Amino acid sequence: MDLNNEIDTALLIADDKQIGSSSSTKCYNIVNDKNGRINTHGCVQKGFFSMVRGHQRAPSGSREFKEVMKRDALLRLQGDLDLIVQSAPDAARDVVDKQMSAFSRLFDRFLRETGPSVYWDQIQKLPEGAVRNYATLPEPTTEHIHEMLDKLIVVKLNGGLGTSMGCHGPKSVIPVRRDLTFLDLTVHLLEHLNKTYKANVPLVLMNSFNTDDDTQKIIRKYKGLQVEIYTFNQSCFPRVAKETLLPVSHTFNIDSKLEAWYPPGHGDFYDSFHCSGLLQKFIQQGREYCFISNIDNLGATVDLNILNLLLDEKSKQPEFVMEVTDKTKADVKGGTLIQYENKLRLLEIAQVPKDHLDDFKSVKTFKFFNTNNLWIKLDAIQRVIDQGSLNMEVIVNHKSLENNLNVIQLETAVGAAMKCFNNGFGINVPRSRFLPVKKTSDLMLVMSNLYHLKSGSLIMSPQRMFPTTPHVKLGDNHFSKVRDFLSRFANIPDILELDHLTVSGDVTFGKNVSLRGTVIIIANHGDRIDIPSGAILENKIVSGNLRILDH
(Lines of atoms letter the chains of each structure in order from A and count residues from 1; the text may use other names and numbers.)
(Lines give C-alpha, C1' and ligand atoms only; values in the text may rest on other atoms or scores of the structure.)
Protein backbone atom coordinates (compact mmCIF):
# COMPACT_ATOMS: atom_id res chain seq x y z
CA MET A 1 0.00 0.00 0.00
CA ASP A 2 1.61 3.25 -1.14
CA LEU A 3 0.73 5.93 1.41
CA ASN A 4 3.46 8.44 0.59
CA ASN A 5 1.39 11.06 -1.22
CA GLU A 6 -1.48 10.85 1.22
CA ILE A 7 0.74 11.15 4.27
CA ASP A 8 2.86 13.95 2.78
CA THR A 9 -0.22 15.98 1.85
CA ALA A 10 -1.76 15.54 5.28
CA LEU A 11 1.50 16.47 6.99
CA LEU A 12 1.91 19.62 4.91
CA ILE A 13 -1.66 20.71 5.62
CA ALA A 14 -1.32 19.94 9.33
CA ASP A 15 2.02 21.70 9.52
CA ASP A 16 0.67 24.77 7.71
CA LYS A 17 -2.33 24.97 10.02
CA GLN A 18 -0.15 24.75 13.12
CA ILE A 19 2.38 27.36 11.91
CA GLY A 20 -0.47 29.66 11.08
CA SER A 21 -1.85 29.52 14.63
CA SER A 22 -1.10 32.03 17.35
CA SER A 23 2.41 32.14 18.74
CA SER A 24 3.23 29.34 21.08
CA THR A 25 6.12 27.50 22.64
CA LYS A 26 6.71 23.88 23.43
CA CYS A 27 10.00 22.24 24.36
CA TYR A 28 10.27 18.45 24.32
CA ASN A 29 12.31 15.76 25.92
CA ILE A 30 11.52 12.59 24.01
CA VAL A 31 11.66 9.30 25.88
CA ASN A 32 10.24 5.83 25.43
CA ASP A 33 8.10 4.41 28.21
CA LYS A 34 7.89 0.73 29.14
CA ASN A 35 5.15 0.19 26.58
CA GLY A 36 7.31 1.49 23.76
CA ARG A 37 5.24 4.65 23.47
CA ILE A 38 6.83 7.99 22.75
CA ASN A 39 6.20 10.33 25.66
CA THR A 40 6.84 14.05 25.75
CA HIS A 41 7.85 15.96 28.82
CA GLY A 42 8.51 19.64 29.01
CA CYS A 43 6.89 23.04 29.18
CA VAL A 44 3.71 23.53 27.19
CA GLN A 45 2.01 26.78 26.38
CA LYS A 46 -0.77 27.54 23.93
CA GLY A 47 -0.58 25.46 20.75
CA PHE A 48 1.90 22.78 19.72
CA PHE A 49 4.71 24.42 17.76
CA SER A 50 7.29 27.07 18.36
CA MET A 51 7.50 29.62 15.58
CA VAL A 52 11.30 29.41 15.87
CA ARG A 53 11.23 25.63 15.46
CA GLY A 54 12.17 25.88 11.80
CA HIS A 55 15.30 27.88 12.54
CA GLN A 56 16.49 25.32 15.05
CA ARG A 57 16.04 22.35 12.69
CA ALA A 58 16.75 23.30 9.12
CA PRO A 59 16.39 20.15 7.00
CA SER A 60 19.12 19.73 4.43
CA GLY A 61 16.83 18.00 1.93
CA SER A 62 13.25 16.98 1.23
CA ARG A 63 13.71 13.56 2.79
CA GLU A 64 14.92 15.01 6.06
CA PHE A 65 12.15 17.62 5.89
CA LYS A 66 9.55 14.84 5.65
CA GLU A 67 11.14 12.97 8.54
CA VAL A 68 10.95 16.09 10.71
CA MET A 69 7.28 16.54 9.83
CA LYS A 70 6.55 12.91 10.64
CA ARG A 71 8.18 13.25 14.04
CA ASP A 72 6.20 16.39 14.69
CA ALA A 73 2.96 14.71 13.62
CA LEU A 74 3.62 11.88 16.07
CA LEU A 75 4.41 14.34 18.86
CA ARG A 76 1.25 16.34 18.18
CA LEU A 77 -0.81 13.17 18.21
CA GLN A 78 0.86 11.99 21.41
CA GLY A 79 -0.08 15.21 23.15
CA ASP A 80 -3.75 14.62 22.33
CA LEU A 81 -3.54 10.95 23.31
CA ASP A 82 -2.15 11.99 26.71
CA LEU A 83 -5.18 14.24 27.19
CA ILE A 84 -7.48 11.34 26.31
CA VAL A 85 -5.78 9.08 28.86
CA GLN A 86 -6.01 11.77 31.56
CA SER A 87 -9.75 12.19 30.90
CA ALA A 88 -10.49 8.49 31.37
CA PRO A 89 -12.13 7.32 34.63
CA ASP A 90 -9.61 6.12 37.22
CA ALA A 91 -10.78 2.50 36.96
CA ALA A 92 -10.29 2.45 33.18
CA ARG A 93 -7.16 4.58 32.90
CA ASP A 94 -4.63 1.73 32.72
CA VAL A 95 -6.57 0.03 29.95
CA VAL A 96 -7.03 3.28 28.04
CA ASP A 97 -3.33 4.05 28.42
CA LYS A 98 -2.38 0.67 26.90
CA GLN A 99 -4.81 1.17 24.02
CA MET A 100 -3.56 4.66 23.25
CA SER A 101 0.00 3.28 23.35
CA ALA A 102 -1.00 0.64 20.81
CA PHE A 103 -2.65 3.29 18.64
CA SER A 104 0.46 5.47 18.84
CA ARG A 105 2.59 2.58 17.57
CA LEU A 106 0.12 1.92 14.76
CA PHE A 107 0.10 5.60 13.81
CA ASP A 108 3.91 5.65 13.83
CA ARG A 109 3.95 2.71 11.39
CA PHE A 110 1.36 4.49 9.23
CA LEU A 111 3.71 7.47 8.98
CA ARG A 112 6.81 5.40 8.32
CA GLU A 113 5.54 2.90 5.79
CA THR A 114 6.91 4.06 2.45
CA GLY A 115 6.44 2.55 -0.95
CA PRO A 116 4.27 -0.47 -1.70
CA SER A 117 4.18 -3.23 0.92
CA VAL A 118 4.67 -5.75 -1.90
CA TYR A 119 6.83 -5.35 -5.00
CA TRP A 120 5.03 -7.37 -7.64
CA ASP A 121 8.10 -8.69 -9.41
CA GLN A 122 9.44 -10.05 -6.11
CA ILE A 123 6.45 -12.35 -5.49
CA GLN A 124 7.73 -15.93 -5.51
CA LYS A 125 6.05 -19.11 -6.62
CA LEU A 126 4.31 -20.97 -3.80
CA PRO A 127 6.66 -23.74 -2.65
CA GLU A 128 5.59 -27.36 -2.58
CA GLY A 129 3.45 -28.07 0.49
CA ALA A 130 2.54 -24.41 1.02
CA VAL A 131 -1.12 -25.27 0.42
CA ARG A 132 -2.24 -28.76 1.37
CA ASN A 133 -5.27 -30.57 0.04
CA TYR A 134 -7.95 -31.11 2.67
CA ALA A 135 -8.93 -34.41 1.06
CA THR A 136 -5.53 -35.89 2.01
CA LEU A 137 -5.94 -35.26 5.75
CA PRO A 138 -6.39 -38.43 7.82
CA GLU A 139 -9.35 -38.74 10.17
CA PRO A 140 -8.55 -39.09 13.88
CA THR A 141 -9.59 -42.17 15.82
CA THR A 142 -12.63 -41.74 18.07
CA GLU A 143 -10.67 -42.43 21.26
CA HIS A 144 -8.19 -39.69 20.30
CA ILE A 145 -10.77 -36.94 19.74
CA HIS A 146 -11.47 -36.17 23.42
CA GLU A 147 -7.76 -35.64 24.07
CA MET A 148 -7.48 -33.44 20.98
CA LEU A 149 -10.38 -31.19 21.99
CA ASP A 150 -8.77 -30.57 25.38
CA LYS A 151 -6.07 -28.67 23.45
CA LEU A 152 -8.48 -26.32 21.62
CA ILE A 153 -10.35 -23.07 22.15
CA VAL A 154 -12.78 -21.50 19.64
CA VAL A 155 -12.64 -17.75 19.03
CA LYS A 156 -15.37 -15.87 17.18
CA LEU A 157 -14.86 -12.33 15.93
CA ASN A 158 -17.98 -10.60 17.25
CA GLY A 159 -17.23 -6.89 16.92
CA GLY A 160 -19.49 -5.99 14.00
CA LEU A 161 -22.92 -4.40 13.97
CA GLY A 162 -25.79 -5.38 11.72
CA THR A 163 -26.32 -1.84 10.43
CA SER A 164 -25.35 -2.67 6.84
CA MET A 165 -28.33 -5.05 6.76
CA GLY A 166 -30.64 -2.58 8.48
CA CYS A 167 -30.47 -4.22 11.91
CA HIS A 168 -29.69 -2.74 15.32
CA GLY A 169 -27.17 -4.23 17.71
CA PRO A 170 -24.56 -6.95 17.10
CA LYS A 171 -24.70 -8.70 13.75
CA SER A 172 -24.44 -12.00 15.62
CA VAL A 173 -28.06 -11.67 16.85
CA ILE A 174 -29.64 -11.50 13.37
CA PRO A 175 -31.93 -14.56 12.91
CA VAL A 176 -30.63 -16.69 10.06
CA ARG A 177 -32.42 -20.03 10.32
CA ARG A 178 -35.59 -21.03 12.21
CA ASP A 179 -35.29 -17.84 14.27
CA LEU A 180 -31.84 -18.98 15.42
CA THR A 181 -29.13 -16.32 15.30
CA PHE A 182 -25.46 -16.60 14.35
CA LEU A 183 -24.63 -16.77 18.05
CA ASP A 184 -27.33 -19.38 18.75
CA LEU A 185 -25.97 -21.63 16.01
CA THR A 186 -22.37 -21.19 17.24
CA VAL A 187 -23.27 -22.13 20.83
CA HIS A 188 -25.51 -25.00 19.71
CA LEU A 189 -22.75 -26.45 17.54
CA LEU A 190 -20.14 -26.23 20.28
CA GLU A 191 -22.44 -27.74 22.88
CA HIS A 192 -23.12 -30.66 20.53
CA LEU A 193 -19.37 -31.17 20.09
CA ASN A 194 -18.76 -31.11 23.86
CA LYS A 195 -21.59 -33.52 24.59
CA THR A 196 -20.68 -35.93 21.80
CA TYR A 197 -17.03 -36.25 22.86
CA LYS A 198 -17.40 -35.46 26.59
CA ALA A 199 -15.16 -32.45 26.02
CA ASN A 200 -14.98 -28.89 27.30
CA VAL A 201 -14.05 -26.67 24.35
CA PRO A 202 -14.62 -23.05 25.45
CA LEU A 203 -16.11 -20.34 23.26
CA VAL A 204 -14.32 -16.98 23.30
CA LEU A 205 -16.04 -13.92 21.83
CA MET A 206 -14.00 -10.90 20.79
CA ASN A 207 -16.48 -8.05 21.17
CA SER A 208 -16.12 -4.35 20.43
CA PHE A 209 -17.40 -1.37 22.40
CA ASN A 210 -20.31 -1.44 19.91
CA THR A 211 -21.37 -5.01 20.70
CA ASP A 212 -20.20 -5.82 24.23
CA ASP A 213 -23.17 -4.61 26.31
CA ASP A 214 -25.76 -6.36 24.13
CA THR A 215 -23.67 -9.53 23.91
CA GLN A 216 -23.27 -9.73 27.69
CA LYS A 217 -27.06 -9.63 28.09
CA ILE A 218 -27.66 -12.22 25.38
CA ILE A 219 -25.16 -14.86 26.54
CA ARG A 220 -26.98 -15.18 29.89
CA LYS A 221 -29.52 -17.42 28.16
CA TYR A 222 -26.77 -19.98 27.45
CA LYS A 223 -25.86 -20.37 31.11
CA GLY A 224 -27.37 -23.85 31.46
CA LEU A 225 -25.67 -25.26 28.38
CA GLN A 226 -22.48 -27.32 28.25
CA VAL A 227 -20.35 -24.48 26.89
CA GLU A 228 -18.05 -22.17 28.82
CA ILE A 229 -18.26 -18.69 27.26
CA TYR A 230 -15.58 -16.03 27.72
CA THR A 231 -15.55 -12.52 26.30
CA PHE A 232 -12.99 -9.79 25.87
CA ASN A 233 -13.07 -6.46 24.09
CA GLN A 234 -10.90 -5.37 21.23
CA SER A 235 -9.37 -1.93 21.48
CA CYS A 236 -11.17 1.36 21.09
CA PHE A 237 -9.11 3.68 18.87
CA PRO A 238 -9.68 7.36 17.99
CA ARG A 239 -10.55 8.38 14.46
CA VAL A 240 -8.11 10.93 13.12
CA ALA A 241 -9.01 13.99 11.03
CA LYS A 242 -7.52 13.55 7.56
CA GLU A 243 -6.25 17.13 7.32
CA THR A 244 -4.69 17.58 10.75
CA LEU A 245 -3.83 13.96 11.60
CA LEU A 246 -5.15 14.65 15.11
CA PRO A 247 -7.85 12.74 17.02
CA VAL A 248 -11.41 13.97 16.47
CA SER A 249 -12.10 13.67 20.19
CA HIS A 250 -9.86 14.96 22.98
CA THR A 251 -11.60 13.07 25.81
CA PHE A 252 -12.43 9.44 26.48
CA ASN A 253 -16.18 10.01 26.73
CA ILE A 254 -17.14 7.58 24.00
CA ASP A 255 -20.91 7.73 24.46
CA SER A 256 -21.01 11.51 23.97
CA LYS A 257 -19.10 11.32 20.67
CA LEU A 258 -19.47 7.77 19.44
CA GLU A 259 -18.52 8.48 15.83
CA ALA A 260 -15.09 9.70 16.94
CA TRP A 261 -14.09 6.14 17.88
CA TYR A 262 -13.77 2.81 16.11
CA PRO A 263 -12.77 -0.83 16.73
CA PRO A 264 -9.50 -1.28 14.78
CA GLY A 265 -10.18 -4.40 12.74
CA HIS A 266 -9.67 -8.04 13.71
CA GLY A 267 -5.87 -7.74 13.55
CA ASP A 268 -6.21 -6.23 17.02
CA PHE A 269 -7.03 -9.75 18.27
CA TYR A 270 -3.47 -10.59 19.31
CA ASP A 271 -2.82 -7.60 21.58
CA SER A 272 -6.33 -7.48 23.04
CA PHE A 273 -6.44 -11.24 23.70
CA HIS A 274 -3.08 -11.00 25.44
CA CYS A 275 -4.08 -7.94 27.50
CA SER A 276 -7.31 -9.64 28.61
CA GLY A 277 -5.32 -12.33 30.44
CA LEU A 278 -7.20 -15.09 28.60
CA LEU A 279 -4.18 -16.09 26.48
CA GLN A 280 -2.11 -16.86 29.57
CA LYS A 281 -5.08 -18.57 31.24
CA PHE A 282 -5.62 -21.01 28.39
CA ILE A 283 -1.91 -21.75 28.00
CA GLN A 284 -1.76 -22.64 31.72
CA GLN A 285 -4.73 -24.97 31.18
CA GLY A 286 -2.72 -26.87 28.57
CA ARG A 287 -4.62 -25.52 25.56
CA GLU A 288 -2.44 -25.38 22.46
CA TYR A 289 -4.46 -23.97 19.55
CA CYS A 290 -7.19 -21.45 18.92
CA PHE A 291 -9.53 -21.69 15.95
CA ILE A 292 -10.50 -18.18 14.87
CA SER A 293 -13.28 -17.27 12.44
CA ASN A 294 -15.88 -14.61 11.72
CA ILE A 295 -19.15 -14.99 13.63
CA ASP A 296 -21.08 -14.59 10.35
CA ASN A 297 -19.30 -17.46 8.57
CA LEU A 298 -21.74 -20.33 9.11
CA GLY A 299 -19.33 -22.79 7.49
CA ALA A 300 -16.58 -22.19 10.06
CA THR A 301 -17.07 -25.18 12.33
CA VAL A 302 -14.49 -27.11 14.36
CA ASP A 303 -12.86 -29.53 11.93
CA LEU A 304 -11.39 -32.60 13.61
CA ASN A 305 -9.24 -33.58 10.63
CA ILE A 306 -7.45 -30.23 10.66
CA LEU A 307 -7.02 -30.30 14.44
CA ASN A 308 -5.63 -33.82 14.19
CA LEU A 309 -3.05 -32.64 11.65
CA LEU A 310 -1.95 -29.76 13.89
CA LEU A 311 -1.49 -31.99 16.93
CA ASP A 312 0.22 -34.83 15.09
CA GLU A 313 3.45 -35.41 17.05
CA LYS A 314 5.15 -36.85 13.96
CA SER A 315 4.93 -33.51 12.17
CA LYS A 316 6.57 -30.29 13.16
CA GLN A 317 3.68 -28.49 14.81
CA PRO A 318 2.70 -25.49 12.68
CA GLU A 319 2.12 -22.14 14.39
CA PHE A 320 -0.27 -20.64 11.85
CA VAL A 321 -2.61 -22.39 9.42
CA MET A 322 -4.96 -20.54 7.08
CA GLU A 323 -7.93 -22.20 5.46
CA VAL A 324 -8.20 -21.21 1.80
CA THR A 325 -10.66 -22.35 -0.83
CA ASP A 326 -10.87 -22.29 -4.61
CA LYS A 327 -11.39 -18.83 -6.06
CA THR A 328 -14.34 -18.21 -8.38
CA LYS A 329 -15.30 -15.10 -10.34
CA ALA A 330 -17.33 -14.01 -7.29
CA ASP A 331 -14.20 -14.07 -5.09
CA VAL A 332 -11.71 -12.09 -7.18
CA LYS A 333 -11.24 -9.44 -4.50
CA GLY A 334 -10.49 -11.90 -1.71
CA GLY A 335 -7.00 -12.05 -0.17
CA THR A 336 -4.69 -14.83 -1.31
CA LEU A 337 -1.55 -16.64 -0.16
CA ILE A 338 1.80 -15.73 -1.68
CA GLN A 339 5.45 -16.49 -1.04
CA TYR A 340 7.34 -13.26 -0.42
CA GLU A 341 10.83 -12.78 0.95
CA ASN A 342 10.89 -16.55 1.60
CA LYS A 343 7.88 -16.34 3.91
CA LEU A 344 4.30 -17.38 3.34
CA ARG A 345 2.01 -14.39 3.73
CA LEU A 346 -1.42 -12.96 2.96
CA LEU A 347 -1.79 -10.58 0.02
CA GLU A 348 -4.86 -8.32 0.13
CA ILE A 349 -6.20 -6.39 -2.85
CA ALA A 350 -5.39 -3.09 -1.10
CA GLN A 351 -1.69 -3.98 -1.33
CA VAL A 352 -1.75 -4.65 -5.06
CA PRO A 353 -0.32 -1.99 -7.44
CA LYS A 354 -3.06 -0.62 -9.73
CA ASP A 355 -1.36 -1.92 -12.87
CA HIS A 356 -1.48 -5.49 -11.48
CA LEU A 357 -5.10 -5.61 -10.29
CA ASP A 358 -6.15 -7.78 -13.22
CA ASP A 359 -3.31 -10.19 -12.42
CA PHE A 360 -4.46 -10.37 -8.81
CA LYS A 361 -8.06 -11.09 -9.83
CA SER A 362 -7.03 -13.83 -12.23
CA VAL A 363 -8.39 -17.20 -11.15
CA LYS A 364 -5.59 -18.91 -13.07
CA THR A 365 -2.78 -16.95 -11.42
CA PHE A 366 -4.11 -17.01 -7.86
CA LYS A 367 -6.23 -20.11 -7.39
CA PHE A 368 -7.13 -19.70 -3.72
CA PHE A 369 -8.53 -17.03 -1.43
CA ASN A 370 -8.51 -16.62 2.34
CA THR A 371 -11.63 -17.74 4.24
CA ASN A 372 -10.39 -16.05 7.45
CA ASN A 373 -10.65 -19.40 9.24
CA LEU A 374 -7.35 -19.54 11.11
CA TRP A 375 -5.66 -22.05 13.43
CA ILE A 376 -2.95 -20.43 15.57
CA LYS A 377 -0.69 -21.85 18.27
CA LEU A 378 -1.26 -20.09 21.57
CA ASP A 379 2.32 -20.13 22.88
CA ALA A 380 3.46 -18.74 19.52
CA ILE A 381 1.10 -15.77 19.99
CA GLN A 382 2.68 -15.21 23.40
CA ARG A 383 6.16 -15.37 21.86
CA VAL A 384 5.62 -12.87 19.04
CA ILE A 385 4.01 -10.43 21.49
CA ASP A 386 6.88 -10.79 23.97
CA GLN A 387 9.40 -10.30 21.17
CA GLY A 388 7.53 -7.35 19.68
CA SER A 389 7.75 -9.07 16.28
CA LEU A 390 4.05 -8.82 15.43
CA ASN A 391 4.02 -6.76 12.24
CA MET A 392 0.89 -6.43 10.12
CA GLU A 393 0.32 -4.07 7.20
CA VAL A 394 -1.63 -0.94 8.09
CA ILE A 395 -5.03 -0.68 6.40
CA VAL A 396 -6.20 2.92 5.92
CA ASN A 397 -10.00 3.16 5.97
CA HIS A 398 -11.50 6.48 4.89
CA LYS A 399 -14.74 7.69 6.47
CA SER A 400 -16.83 10.84 6.45
CA LEU A 401 -18.61 11.86 9.66
CA GLU A 402 -22.06 13.43 9.88
CA ASN A 403 -20.53 16.92 9.94
CA ASN A 404 -18.74 16.06 6.65
CA LEU A 405 -15.40 15.84 8.42
CA ASN A 406 -13.12 13.47 6.52
CA VAL A 407 -11.37 11.04 8.85
CA ILE A 408 -9.13 8.03 8.60
CA GLN A 409 -9.09 4.95 10.77
CA LEU A 410 -6.09 2.65 10.89
CA GLU A 411 -6.73 -1.08 10.98
CA THR A 412 -4.98 -4.41 10.62
CA ALA A 413 -6.16 -7.86 9.48
CA VAL A 414 -5.76 -10.96 11.67
CA GLY A 415 -4.53 -13.09 8.74
CA ALA A 416 -1.76 -10.62 7.88
CA ALA A 417 0.18 -11.84 10.94
CA MET A 418 0.91 -15.14 9.20
CA LYS A 419 4.39 -13.99 8.15
CA CYS A 420 5.30 -13.47 11.84
CA PHE A 421 4.88 -17.17 12.72
CA ASN A 422 6.85 -20.30 11.92
CA ASN A 423 5.92 -23.43 9.97
CA GLY A 424 2.76 -21.90 8.54
CA PHE A 425 0.83 -23.24 5.57
CA GLY A 426 -2.59 -23.14 3.94
CA ILE A 427 -5.18 -25.88 3.65
CA ASN A 428 -7.42 -25.93 0.57
CA VAL A 429 -10.75 -26.70 2.21
CA PRO A 430 -14.15 -27.42 0.59
CA ARG A 431 -16.26 -24.39 -0.26
CA SER A 432 -18.74 -25.51 2.40
CA ARG A 433 -16.37 -24.12 5.06
CA PHE A 434 -16.86 -20.62 3.67
CA LEU A 435 -20.49 -19.59 4.10
CA PRO A 436 -20.46 -15.91 5.12
CA VAL A 437 -23.62 -13.82 5.43
CA LYS A 438 -22.67 -10.29 4.44
CA LYS A 439 -25.81 -9.31 2.51
CA THR A 440 -29.45 -10.37 2.26
CA SER A 441 -28.51 -12.32 -0.89
CA ASP A 442 -26.36 -14.54 1.36
CA LEU A 443 -29.22 -14.69 3.88
CA MET A 444 -31.53 -15.96 1.13
CA LEU A 445 -29.16 -18.88 0.50
CA VAL A 446 -28.87 -20.00 4.13
CA MET A 447 -32.62 -19.66 4.74
CA SER A 448 -33.49 -21.74 1.67
CA ASN A 449 -33.94 -25.46 1.04
CA LEU A 450 -30.35 -25.46 -0.24
CA TYR A 451 -29.35 -26.31 3.34
CA HIS A 452 -30.69 -28.25 6.28
CA LEU A 453 -29.77 -27.69 9.91
CA LYS A 454 -28.02 -30.39 11.91
CA SER A 455 -26.82 -29.72 15.48
CA GLY A 456 -26.16 -26.07 14.72
CA SER A 457 -24.38 -26.77 11.44
CA LEU A 458 -25.72 -26.00 7.96
CA ILE A 459 -25.38 -28.97 5.61
CA MET A 460 -25.94 -28.60 1.87
CA SER A 461 -28.83 -30.69 0.63
CA PRO A 462 -27.77 -33.91 -1.12
CA GLN A 463 -30.41 -33.07 -3.75
CA ARG A 464 -28.24 -30.20 -4.97
CA MET A 465 -26.49 -31.47 -8.08
CA PHE A 466 -23.56 -29.02 -7.85
CA PRO A 467 -21.18 -28.40 -4.93
CA THR A 468 -21.23 -24.65 -5.55
CA THR A 469 -23.92 -22.27 -4.34
CA PRO A 470 -26.08 -20.21 -6.74
CA HIS A 471 -24.95 -16.66 -7.51
CA VAL A 472 -27.68 -14.34 -6.17
CA LYS A 473 -27.86 -10.56 -6.74
CA LEU A 474 -30.70 -8.65 -5.08
CA GLY A 475 -31.30 -4.96 -5.74
CA ASP A 476 -30.11 -2.64 -2.98
CA ASN A 477 -33.10 -0.28 -3.06
CA HIS A 478 -35.68 -2.93 -2.19
CA PHE A 479 -33.79 -5.87 -0.69
CA SER A 480 -30.70 -4.64 1.20
CA LYS A 481 -32.37 -4.38 4.63
CA VAL A 482 -33.44 -7.59 6.37
CA ARG A 483 -36.94 -6.30 7.13
CA ASP A 484 -37.55 -5.26 3.50
CA PHE A 485 -36.05 -8.51 2.24
CA LEU A 486 -38.32 -10.67 4.40
CA SER A 487 -41.42 -8.66 3.46
CA ARG A 488 -40.91 -9.53 -0.22
CA PHE A 489 -41.03 -13.32 0.21
CA ALA A 490 -44.12 -15.24 1.34
CA ASN A 491 -41.50 -17.94 1.83
CA ILE A 492 -38.03 -18.47 0.40
CA PRO A 493 -38.25 -20.05 -3.08
CA ASP A 494 -37.00 -23.52 -3.96
CA ILE A 495 -33.49 -22.89 -5.35
CA LEU A 496 -32.04 -26.41 -5.42
CA GLU A 497 -31.61 -26.17 -9.21
CA LEU A 498 -30.78 -22.47 -9.40
CA ASP A 499 -27.53 -21.28 -10.98
CA HIS A 500 -27.97 -17.51 -11.09
CA LEU A 501 -30.61 -15.08 -9.85
CA THR A 502 -30.76 -11.32 -10.42
CA VAL A 503 -33.66 -9.32 -8.98
CA SER A 504 -33.96 -5.56 -9.41
CA GLY A 505 -36.77 -3.16 -8.54
CA ASP A 506 -40.13 -3.60 -6.82
CA VAL A 507 -40.50 -7.39 -6.92
CA THR A 508 -42.38 -9.74 -4.57
CA PHE A 509 -42.57 -13.55 -4.43
CA GLY A 510 -45.60 -15.65 -3.54
CA LYS A 511 -45.55 -19.02 -1.76
CA ASN A 512 -43.79 -22.09 -3.10
CA VAL A 513 -42.04 -20.41 -6.02
CA SER A 514 -39.37 -22.50 -7.77
CA LEU A 515 -36.34 -20.91 -9.45
CA ARG A 516 -34.13 -22.96 -11.77
CA GLY A 517 -31.18 -22.29 -14.05
CA THR A 518 -30.69 -18.58 -14.73
CA VAL A 519 -33.51 -16.27 -13.70
CA ILE A 520 -33.51 -12.47 -14.16
CA ILE A 521 -36.40 -10.38 -12.83
CA ILE A 522 -36.32 -6.63 -13.47
CA ALA A 523 -39.08 -4.19 -12.55
CA ASN A 524 -38.40 -0.78 -14.03
CA HIS A 525 -38.93 2.41 -12.06
CA GLY A 526 -42.64 2.83 -11.31
CA ASP A 527 -43.41 -0.79 -12.21
CA ARG A 528 -44.01 -3.74 -9.91
CA ILE A 529 -43.70 -7.46 -10.49
CA ASP A 530 -45.48 -10.00 -8.28
CA ILE A 531 -44.29 -13.54 -8.90
CA PRO A 532 -47.42 -15.64 -8.26
CA SER A 533 -47.55 -18.52 -5.76
CA GLY A 534 -46.52 -21.85 -7.23
CA ALA A 535 -44.72 -20.26 -10.18
CA ILE A 536 -41.83 -22.17 -11.76
CA LEU A 537 -39.27 -19.97 -13.47
CA GLU A 538 -36.55 -21.80 -15.38
CA ASN A 539 -34.06 -19.87 -17.53
CA LYS A 540 -36.44 -16.91 -17.73
CA ILE A 541 -36.14 -13.15 -17.99
CA VAL A 542 -39.11 -11.33 -16.47
CA SER A 543 -39.47 -7.58 -16.97
CA GLY A 544 -42.16 -4.93 -17.16
CA ASN A 545 -45.16 -4.84 -14.84
CA LEU A 546 -46.98 -7.82 -13.34
CA ARG A 547 -49.47 -7.25 -10.50
CA ILE A 548 -51.38 -9.97 -8.72
CA LEU A 549 -54.41 -8.44 -6.96
CA ASP A 550 -56.86 -10.04 -4.52
CA HIS A 551 -60.33 -10.52 -6.04
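Keep in mind that glycine also has a Cβ here, set from the backbone N, Cα and C atoms.
Annotations in TrEMBL come from automatic prediction, not curation.
The model shown is predicted, which means the values in this text are computed figures rather than measured ones.
Per TrEMBL, the features are:
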- K171, Q234, G265, D296, K438: UTP binding site (BINDING)
- H266: substrate binding site (BINDING)
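Neighbour count (other Cβ atoms within 10 Å of the Cβ, all protein chains): 22 for D296 (UTP binding site). For the binding-site residues given as K171, H266, K438, the lowest number of other CB atoms within 10 Å of the residue's CB is seen at K438. The residue listed as 'substrate binding site' has Q234 nearby among the binding-site residues K171, Q234, D296, counting only those with a Cα within 10 angstroms of its own Cα. Fewest other C-beta atoms within 10 Å: among the binding-site residues Q234, G265, that description fits G265.
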